[in-house]
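What follows is a short report on a single structure.
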């Protein structure tokens, strides 16, 4: 069985001029995933990592203890890499420039949601980690700047997520398809389990927080009703499945076919998910797996970021389902 390390080295060998920078970064992400996996698996046995940390992040959201732990673990691991010039996280107010000689001469920056769905930890529901890798655009030899992090998603060189569920799985792309690796704790390695993942072109699952229904745009309300209607020709009604962890909902829909929607709403006029930490990496993965991702109208990967913690409405998943949802958004403008 092929391991993640073997796969990365094999892919690197296909590019004679590759210097192994991405290999090193992915090795650090793999290590962080193993550390977070370990701590999540003992969450019920230790009060040190359960519950709230007593702080709020820049979005005004209460941070869980594991949010802080995962963020700090990510930051320390990346600071140790000579390939990484800086880091931005959903849990940090601002980006972090690794202002050392090694950091100033590095060529890559990382953006991450270190622990997506962390409010589920206390009730033993799957959570995840999301990451995104870009080449810096500021001059090598200087500290990274805000502009390095404000790049549109189509400039990503790699993106992925780790889902911590009944098993721990790392899924990533470098722009040449999507592959998944399941962690074998007895060996301490990630093994190839899902090669060349493809999202089915359609499915029977829609994932949306229907408790917010009254706050949604009319186009989304109409699409939900469409999903609930009986129609044998289109295999409706569809099944509603919503975990509350983007990684978990996205992962299920990628394997089984479906659509995930977190739209704008009266309480979140610009959407809730973060473009840079959640939207762009998941959109990159979706497109590489044959799916679609947009804000209801426009391709996510073409959006020019205006703020580090910018929010965005998010429609992602099976191509035909996203297209149908987009039709309702166009037909019922606000």
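Any Cβ shown, glycine's included, is placed from N, Cα and C.
The Mg(2+) 1 binding site annotation in Swiss-Prot covers 90, 113, 115 and rests on sequence analysis. Residue 115 (Mg(2+) 1 binding site) carries a strand DSSP state (E or B). For residue 115 (Mg(2+) 1 binding site), the count of additional Cβ atoms within 10 Å of its Cβ stands at 31 [all protein chains shown].
According to Swiss-Prot, the Mg(2+) 2 binding site annotation covers 113, 116, 278.
Residues or ranges marked as substrate binding site in Swiss-Prot (evidence: sequence analysis): 116, 117, 118, 119, 209, 242, 272. Under a cutoff of 8 A between CB atoms, and with a sequence separation of 6+ in the same chain, the neighbours of residue 242 (substrate binding site) are 207, 208, 209, 210, 249.
Packing around residue 113 (Mg(2+) 1 binding site) is summarised by its Cβ count: 29 other Cβ atoms lie within 10 angstroms of its Cβ, all protein chains included.
Long-range neighbours of residue 272 (substrate binding site) (same chain, six or more residues apart, CB within less than 8 Å of its CB): 262, 265, 311.
The Cβ neighbour count for residue 90 (Mg(2+) 1 binding site), using a 10 Å radius over every protein chain in view, is 25.
Residue 116 (Mg(2+) 2 binding site) and residue 90 (Mg(2+) 1 binding site) have their C-alpha atoms 10 Å apart, to the nearest angstrom.
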